[in-house]
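Chemist: Following this message is one structure expressed as structure tokens.
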Amino acid sequence: MAGAWLRWGLLLWAGLLASSAHGRLRRITYVVHPGPGLAAGALPLSGPPRSRTFNVALNARYSRSSAAAGAPSRASPGVPSERTRRTSKPGGAALQGLRPPPPPPPEPARPAVPGGQLHPNPGGHPAAAPFTKQGRQVVRSKVPQETQSGGGSRLQVHQKQQLQGVNVCGGRCCHGWSKAPGSQRCTKPSCVPPCQNGGMCLRPQLCVCKPGTKGKACETIAAQDTSSPVFGGQSPGAASSWGPPEQAAKHTSSKKADTLPRVSPVAQMTLTLKPKPSVGLPQQIHSQVTPLSSQSVVIHHGQTQEYVLKPKYFPAQKGISGEQSTEGSFPLRYVQDQVAAPFQLSNHTGRIKVVFTPSICKVTCTKGSCQNSCEKGNTTTLISENGHAADTLTATNFRVVICHLPCMNGGQCSSRDKCQCPPNFTGKLCQIPVHGASVPKLYQHSQQPGKALGTHVIHSTHTLPLTVTSQQGVKVKFPPNIVNIHVKHPPEASVQIHQVSRIDGPTGQKTKEAQPGQSQVSYQGLPVQKTQTIHSTYSHQQVIPHVYPVAAKTQLGRCFQETIGSQCGKALPGLSKQEDCCGTVGTSWGFNKCQKCPKKPSYHGYNQMMECLPGYKRVNNTFCQDINECQLQGVCPNGECLNTMGSYRCTCKIGFGPDPTFSSCVPDPPVISEEKGPCYRLVSSGRQCMHPLSVHLTKQLCCCSVGKAWGPHCEKCPLPGTAAFKEICPGGMGYTVSGVHRRRPIHHHVGKGPVFVKPKNTQPVAKSTHPPPLPAKEEPVEALTFSREHGPGVAEPEVATAPPEKEIPSLDQEKTKLEPGQPQLSPGISTIHLHPQFPVVIEKTSPPVPVEVAPEASTSSASQVIAPTQVTEINECTVNPDICGAGHCINLPVRYTCICYEGYRFSEQQRKCVDIDECTQVQHLCSQGRCENTEGSFLCICPAGFMASEEGTNCIDVDECLRPDVCGEGHCVNTVGAFRCEYCDSGYRMTQRGRCEDIDECLNPSTCPDEQCVNSPGSYQCVPCTEGFRGWNGQCLDVDECLEPNVCANGDCSNLEGSYMCSCHKGYTRTPDHKHCRDIDECQQGNLCVNGQCKNTEGSFRCTCGQGYQLSAAKDQCEDIDECQHRHLCAHGQCRNTEGSFQCVCDQGYRASGLGDHCEDINECLEDKSVCQRGDCINTAGSYDCTCPDGFQLDDNKTCQDINECEHPGLCGPQGECLNTEGSFHCVCQQGFSISADGRTCEDIDECVNNTVCDSHGFCDNTAGSFRCLCYQGFQAPQDGQGCVDVNECELLSGVCGEAFCENVEGSFLCVCADENQEYSPMTGQCRSRTSTDLDVDVDQPKEEKKECYYNLNDASLCDNVLAPNVTKQECCCTSGVGWGDNCEIFPCPVLGTAEFTEMCPKGKGFVPAGESSSEAGGENYKDADECLLFGQEICKNGFCLNTRPGYECYCKQGTYYDPVKLQCFDMDECQDPSSCIDGQCVNTEGSYNCFCTHPMVLDASEKRCIRPAESNEQIEETDVYQDLCWEHLSDEYVCSRPLVGKQTTYTECCCLYGEAWGMQCALCPLKDSDDYAQLCNIPVTGRRQPYGRDALVDFSEQYTPEADPYFIQDRFLNSFEELQAEECGILNGCENGRCVRVQEGYTCDCFDGYHLDTAKMTCVDVNECDELNNRMSLCKNAKCINTDGSYKCLCLPGYVPSDKPNYCTPLNTALNLEKDSDLE
């Protein structure tokens, strides 16, 4: 904030530089030209300059340090120095530069003049020459006012010389631009009305305002407090001005200053407080001015003459947040006899206390989702060491520097009085630019602060006001006293500044005590709009650049106000820049596609980050400027927009009010239908409404809560965030509009912030506009309210914040607990409660109303202690909380008192808070308007031409000139309550209606005598006539070309406007320019002379026809000749004419001749060999006849077809198949059968008659159609089933002999060791020496191997039956294992009771060796094997294992049993026991079963028998289906709940469609993933039906099932027939292995795949695929087919192993070779 007005005050500040003389008094008069030019010699920017002359009288005490700091160069004594430099330009002169005077030579001491002078020159046109008088130089300069067009004369309307460059339209400067002086380029913008108050015209109709001013033309000075300042004995309405004491009376009585334009002069001065002034002060001022802090003051002379800090620009340094508002002002009051210490601009500022809290925030990312976590540290208080040293406070890992200097242009304050400047700036405040400078080494080093401190740190800057603690502990702000807090801290930490206050004065005395003999004046901050005690969190300190995604800043795009997901909506109608859109109302921006706006746009500064607050945009690296949102089209629909600082205001039209987002005006009130309808909680992808609520609701109640669709037509609810959603849910999700809430029909104001003008009928609420970027842990904040007397009976509240654990010890406090996110109290802001439906924050600044404090609430009363003997009164505040009405009740020892809200006062008669009539009690309220009192507030009713001020306390004039085109092309002059239009620009004239109208210069014929005159707004242009016209008196007349000879030969000429056209004769066509006729080549058209030849002629053509054609009557076509008119053509047929010829269509049996002119008979017997096959053909006239032999018959096509004798039933018998042959048949008998003697049947062959069929290794067993060989042990039947072959155990059992060589023998095998001195041990599978015993073990023998232990080797999936993966062979075989090995290479364990078992397990089953090996010396150390520990859950699955000695026990749950082979607890099927459910339907469940009885039978007491109740006499039909309640939910304790309402179902319907239990007995339904559920609900297991065939072969493995297609089970009510369960089906046993369906004829069974229907028994029986299909096709290749229930499986033959093909086994040798080949590859 300080940096902005210091830029404007540099020229004044330069004049205050000290010289080496001591005690000199110098008076210097400067002519100050307000403008943005800073450096000496800079040219002033465009705009209407208004000069002011200030006289500054300084009493400076020079010192050596100050003289050496920055004294300018000295001049020779007596030689006057040049102060100004004038340059001539059209229209007047302008001040180009201002140079500070050199210091004069030393002179004798002169009497000092007290104070300083600063006042504007009332003359307005000063003109004086420099003069020197007694060491006092006065420079006066006259700066005439420039014209609005830049000082030049008015531009000529018609310029002969064409301008070049940009902004040129039609040979002249575009509208809004003019020529720059001394050039022919249109580069000077024009602002109409001109920029006022020293503003700069940046581009047409865009003014860059000076600090402290605002508006479209900078015509409005920053808003000030309407309350009058108190100057000693002055009345509240008296005016005063800033100046030295002796000039105060003059300024008060002078009226010339009021006639001057409202320009805010900017000056920087140091007011020195003298102990004993030599000149007496006027009586109006009894106190002296206390010196300000090191920050300079921007003084705005407003109408109330109040001194306010009102920045338009503010320093955009990193870390600035909190409640400081650019809209806020700091009014100052002169208060007498206040106890405060004087503060001066020096290093003697006393001790300063800084209270801050460090926080450490980290980002944790898990699986692509990141979240912030912040941990707050302890609150730390630091106090500076002394007033002379730099204010550098140091804590652990933190370095805090307090700086009073406003370092500019990215400079950093390293100590109290030193700025470390960037490389391109210099000076004490880094205010002087340096051109072409290189980066010094010191600055290069400063860019890496981490290296200087030894660790990486972050530099943060916080600009905060300096407060002083008074006697009562109230924090008093000194608005001019603003300090910069520089904090260097680790990068992962952030700093929260709580308090920056002064402890004692410059001499060490405490601020609570006043020094005797001093009359002091203190500055006290009044409660102003949007200002409160600083309590902000500064986080996100890392310098991370945030840039816009579009590189070109001038690129225009569309601004979107809503962004939902990846969709952008609510676009403004016009185009805007990204920085204007994203800095104000936009959430996304783009042209072809939208891009989300960054959360906080940032730009790099020097060693810090510059961030602009919302509503502002960057001007340069150190300053941010307000964005005029009203320049964005459509920002205030249905309303008028007014720009404010950092925001804007919308005045809604009558009948409109603000929407919940405060971004537009919507019809007021919204029409919400009260119609009720069904509310649906879910909408499926097919747009079907589901899950309706039980009651009907309105659309608002439905869509604003849980509904997704509403109404009888399933209307989808609008998405949250859309305009349709806001219309029916203005309060957002979860809130509805009640009937009592209706907006008042007044003008509403909509904006980005709380800027509405409404009554103040509730407590003040503070609004935070800058939340911390990183989420922090929210903690409760205690709001402590204090009171400090400002005068008799006047108290002013202040709000301070402190941590919950640190309370301020005061007895007259009222402490209120505020949770995070709740509105906090702040003085000077009047709001209404935040209703969920209308979250509108209304603000207005009203005149200060005294807050009455009851005398009972003082400290003395509050500290009274009630004695134990006293009787306390009833607490009225507790009994009746609303006893005070609009106020807060405070109980007292006697009765109670009320602290009333703003706008109310306490009435002693009514004992409650009553409304204050501000209209009668407050003077000068609602000036220029009418005041209307309201409950708790008031309203200002403004007449036409006026509007309510931002504070809502006065009616201010509406500047109609700010509206575009209000005067057309003229100049608008605003008046009080109205406006008028003055002179017009060149090319325009004033109408009687007061508007500027364009002059049509083209009405004068002499304007363009030989050219065409084109009128344009404000100008005209002479344009040469185009071809076909000639110029005459400013018009272009047509030339008649048809009068010229040889025009349009072979055609007629028609004159046109500016041209002519030819109408050509027949046979000719116009050329493309329509000015000539040329011949048409008709032969190129393609549709002439068809079937002939076309020849083009001049203007026509000629046709020559071919054979069979003749010329048409029009002679343009060749017509066909109809030859069929001759009757003798085409005998035995019909004549058909064709193009150019004819065709004979002959009758059947005839064909056309070679020439096609007659019909001939066809001899079918010679030409068609396919006729009369297997017979004799006889040709006839036009046809033929066939004669067939025996065994054939003639068909309709006259072909001899074979007679199929196999169609006769019983032919070839059941063991044969009839095969039809040509003219006969043949019986094909099945294998094992032969044809009978007559050849019509098949007889069985007895293969066992031949004794050599099964040789000597088995015996023969004859079967029907075949035989089988029953082989002895060690032999097996081959694939063809004939004979018995030896089983090669060495190939079948891999590794059966271990390390020995396996030798196959007839019927058995031998294990032979390679060494003759060794013998094979079947126990260990190893070859051992014959001299050693099994117990002798070599010392070097390795430890016994550990492999996998297997169980249940008879299972097809035996490789998966692993008990334990790492056990010895004895641990496996001596316990529960049956096989031992690795990777399914299994060594079978010896059988219990054999010698091999005794050798391996000498102690018996259940005992294993105690050592690491089974061959310890002695072999006697054995222990009991803990099978439960050794095998874990595998030995007792689904049960509890208990080890015993020897062995173990497996305890299963009730209803289950233990399978010792599969080592698992399985469900016990109680339904196998007929006594479990007699005369009922038994349904097995996991661990239990259910017994269901058919209606009307019920269960008896034992629940195992269905009996008929004695009282029932109903006749029961077999087809009745029993229905009962269906329970939708079953708890973990098996308690049924939530019965299906309105419907009774069968057991199947309940379990398959609706619930989890059924019936009054709460019969449990099977689990959804169980086989019982699939069987109950008829869910196919295999998925789809498949036909038999080679492609339908399933895998040999039992676990293999073909991949099932996805299937969808429809709801029961959509099925064409109902699927019924056993108790509902009319068929016995309920179609087991199939589904029972109800058809019109009754019931039938739909069998599953693998079963077929036996119609005799009406049951589904298994299909034996191995018998019925294996004869037709080989189901198993090199494998044996084994039938299973509903399917079959293939088991590989010995010597074969499974392959990757289904049902195919490959030889073992081939498989091994393939594995070797794959290993080699």
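Glycine is treated like the rest: Cβ placed from N, Cα and C.
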Chemist: Swiss-Prot tags one of Ser694, Ser1063, Ser1597 as phosphoserine; which one?
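Modeler: Checked Swiss-Prot: the phosphoserine annotation sits on Ser1597.
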Chemist: For the feature O-linked glycosylation site in Swiss-Prot, which residue out of Ser20, Ser294, Ser647, Ser685 does the record point to?
Modeler: Ser647
Chemist: For the disulfide involving Cys1218, grab the partner from Cys1200, Cys1206 as Swiss-Prot records it.
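Modeler: According to Swiss-Prot, the disulfide partner of Cys1218 among Cys1200, Cys1206 is Cys1206.
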Chemist: Out of Ser937, Ser986, Ser1357, Ser1376, report back the residue that Swiss-Prot marks as O-linked glycosylation site.
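Modeler: Of the listed residues, Swiss-Prot records O-linked glycosylation site for Ser937.
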Chemist: How big is the Cα-to-Cα gap, in Å, between Cys926 (disulfide bond) and Cys898 (disulfide bond)?
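Modeler: Here the two Cα atoms lie 29 Å apart.
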Chemist: What residues in the same chain, six or more past the boundaries of the domain 'EGF-like 11' (1161-1201), come closer than 8 Å to it by Cβ-Cβ distance?
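Modeler: Distant Cβ neighbours of the domain 'EGF-like 11' (1161-1201) are 1132, 1147-1151, 1222-1224.
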Chemist: Per DSSP, what is the residue count of the domain 'EGF-like 5' (915-956) in each of helix, strand and coil?
Modeler: 4 helix, 16 strand, 22 coil
Chemist: Where the distance is taken from Cα to Cα, which of the recorded positions Cys1229, Cys1248, Asn1250, Cys1359 turns out closest to Cys430 (disulfide bond)?
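Modeler: Result: the closest of the recorded positions to Cys430 (disulfide bond) is Cys1359.
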Chemist: In this structure, which of the disulfide-bonded residues Cys884, Cys1248, Cys1565, Cys1577, Cys1705 has the fewest other Cβ atoms within 10 Å of its Cβ?
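Modeler: Ranked by other Cβ atoms within 10 Å, the disulfide-bonded residues Cys884, Cys1248, Cys1565, Cys1577, Cys1705 bottom out at Cys1248.
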Chemist: Looking only at the domain 'EGF-like 8' (1038-1078), how are its residues distributed among DSSP helix, strand and coil?
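Modeler: Once the DSSP states are binned, the domain 'EGF-like 8' (1038-1078) shows 3 helix, 18 strand, 20 coil.
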Chemist: To see if you understand the setup: which same-chain residues, six or more apart in sequence, place their Cβ under 8 Å from that of Cys714 (disulfide bond)?
Modeler: Tyr680, Val683, Arg687, Gln688, Cys689
Chemist: Distance check, please: Cα of Cys1705 (disulfide bond) against Cα of Cys1359 (disulfide bond), rounded to an integer number of angstrom.
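Modeler: Just about 18 Å between their Cα atoms.
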Chemist: In three-state terms from DSSP, label Cys1384 (disulfide bond) for me.
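Modeler: In three-state terms, Cys1384 (disulfide bond) counts as coil.
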Chemist: Looking at the glycosylation sites Asn620, Asn1250, which one has the fewest other Cβ atoms within 10 Å of its own Cβ?
Modeler: Asn1250
Chemist: Have a look at the disulfide-bonded residues (Cys926, Cys940) and report the one with the fewest Cβ neighbours inside 10 Å.
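Modeler: Counting other Cβ atoms within 10 Å of each of the disulfide-bonded residues Cys926, Cys940 gives the minimum at Cys926.
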Chemist: Going by C-alpha positions, which of the recorded positions (Cys421, Cys884, Asn1366, Cys1372, Cys1384) is nearest Cys1260 (disulfide bond)?
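Modeler: Nearest in space to Cys1260 (disulfide bond), counting only the recorded positions, is Cys1384.
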Chemist: For Cys1372 (disulfide bond), what is the secondary structure state per DSSP, taken as helix, strand or coil?
Modeler: helix
Chemist: Could you tell me which three-state DSSP class Cys1248 (disulfide bond) falls into?
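Modeler: Assignment for Cys1248 (disulfide bond) reads helix.
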Chemist: Compare the Cα of Cys1118 (disulfide bond) against each of the recorded positions Cys884, Cys1248, Asn1250, Cys1372, Cys1577 and report the nearest.
Modeler: Cys1577
Chemist: Within 10 Å of Cys1552 (disulfide bond) (Cα to Cα), which of the recorded positions Cys421, Asn620, Asn1197, Cys1242, Cys1349, Cys1565 do you find?
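Modeler: Within 10 Å Cα-Cα: Cys1565.
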